[in-house]
Amino acid sequence: ITCCTRGTCAQHC
């Protein structure tokens with residue numbers, strides 16, 4: 001999952 005490019009998930013990536 002590439003959550004690092006989306007919203008709040010990017011904060012902990």
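The backbone N, Cα and C atoms fix where each Cβ goes, glycine too.
Taken from Swiss-Prot, the feature disulfide bond applies to Cys3-Cys9, Cys4-Cys13.
Shown on the structure are the features that Swiss-Prot records.
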residue : record         : Cβ within 10 Å
Cys3    : disulfide bond : 11
Cys4    : disulfide bond : 10
Cys9    : disulfide bond : 12
Task: Conformational class of Cys3 (disulfide bond) under the three-state DSSP mapping - done: helix
